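These notes are about the structure you will find just below.
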Amino acid sequence: MAVQYELIKRCSKTGARAGRLHTPHGTFDTPIFMPVGTQATVKAMSPHELKEMGAGIILSNTYHLYLRPGHELVAEAGGLHKFMNWDGGILTDSGGFQVFSLGPLRKITEEGVTFRSHIDGSKQFLSPERATEVQMALGADIIMAFDECVPYPADHDYARKSTERTTRWAERCKGAHTRADQALFGIVQGGMYKDLRSMSVRDLVSLDFPGYAIGGLSVGEPKDLMYEMLEHTVPLLPVNKPRYLMGVGTPDCLVEGVLHGIDMFDCVFPTRVARNGTVMTHQGRLVVKNAEYTRDFRPIDSDCGCYTCRNFSRAYIRHLLKTEEIFGLRLTTIHNLYFLIHFMKKMRQAIIEDRFLEFRAEFWSQYQK
Ligand SMILES: CNc1nc2cc(C(=O)NN)ccc2[nH]1
């Protein structure tokens, strides 16, 4: 198998677990946070810096790379790893979420999705087979089935029909996937309906994927509803396969996702908000661009070991951001990614030492959203 999950330790009181994910580009500790590099780059970061801060697997998006520069060009370059000079793990999302985020600009049929390119308005078409072919050409270690991310809110009938189609599409992706050195993950949908989440898990597990993503969450629903869906859905998934929660990446959601047994996370949040000056600390977020930090010569977070916190003050970083100096958003990005990557490592250690509930209680006692 191209990707193997190894369970190292289960928390005795919760669904939390520590493991390792073996891939053709290395073995990575889980739970893991995967930085998002939509267009074959994690914005403002070099591969060397990502490696140095402990990043293991990064994401790229099929939708964007298919439109520009095109999967054929990436294949000509030798695949994504060579093209972007990254020798760690790569996961590509299938485009399901991006295409459905286009809203009225897209038309869904059983065959696939017709949409207009956000770049030049040209008419485009992605089917399960085509999305799989594109991802095989891009060459990621883990690729995702082409699905429909059920919008929120959605009525039960729409969610059921959409989820049933996502299962038929998953089967078509499986049929089209011929690269033995890649793992194709199924994506559980079902909206906010427990019966449909159960149906989606049952149907996907019967197709026997090497890993399962939980999609259709963090799409505008209240966090408590997301947690309720996780509490219901994750225990239905096979224990010996990785579970990947798509699009989730704030510290509070990461803790609750790990609590319920999630192994893999991705989110644009830490890199996106870094570029407008929002940084994460153990007490919650702070907007270092704000006037209150003009004369604050402390690091962003005194407990953080990242390059930014070891070398620069809040006042200096605020100055760089206010003057739109590129180095400013590099420093905030380095910090946010390091913070999350190491936050996951601390959670993993707590699970191994069977003190995850204490870690979680300590986190919530300090964290202001
Ligand atoms: C930021 N929230 C968020 N939700 C997501 C859902 C999906 C999904 O269902 N893909 N098939 C992907 C990325 C997501 N990002």
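Positions of Cβ are set from backbone N, Cα and C atoms, glycine also.
The annotation active site, proton acceptor is assigned in TrEMBL to Asp93. The Cβ of Asp93 (active site, proton acceptor) lies under 8 Å from the Cβ of Leu59, Ser60, Asn61, Thr62, Tyr63, Met144, Met246, each on the same chain and at least six residues away in sequence.
Mapped onto three states, the DSSP output places Asp266 (active site, nucleophile) in strand. A 10 Å cutoff on Cβ-Cβ distances gives Asp266 (active site, nucleophile) a total of 22 other Cβ atoms nearby, all chains included. Feature annotation from TrEMBL assigns active site, nucleophile to Asp266.
Reduced to three states, the DSSP call for Cys309 (Zn(2+) binding site) is helix. Residues annotated as Zn(2+) binding site in TrEMBL: Cys304, Cys306, Cys309, His335.
Annotation source TrEMBL lists region 'RNA binding' at 247-253 (among others). For the region 'RNA binding' (247-253), the model's pLDDT averages out at 95.
As annotated by TrEMBL, region 'RNA binding' applies to 271-275 (among others).
Taking the C-alpha positions, the distance from Cys309 (Zn(2+) binding site) to Asp266 (active site, nucleophile) comes to 23 Å. Proximity of Cys306 (Zn(2+) binding site) to non-local residues of its own chain (separation of 6 or more, Cβ distance below 8 Å) is seen for Met53, Ile334, His335, Tyr338, Phe339, given in sequence order. Under 8 Å, Cβ to Cβ, and six or more positions away along its own chain, Cys304 (Zn(2+) binding site) finds Thr281, His335, Tyr338, Phe339, His342. The Cβ neighbour count for Cys309 (Zn(2+) binding site), using a 10 Å radius and every protein chain shown, is 24.
Taking the centroid of the Cβ atoms of Cys304, Cys306, Cys309, His335 as the Zn(2+) site, the other same-chain residues with Cβ within 8 Å of it are Pro299, Ile300, Asp301, Gly305, Tyr307, Thr308, Arg310, Ile334, Tyr338, Phe339.
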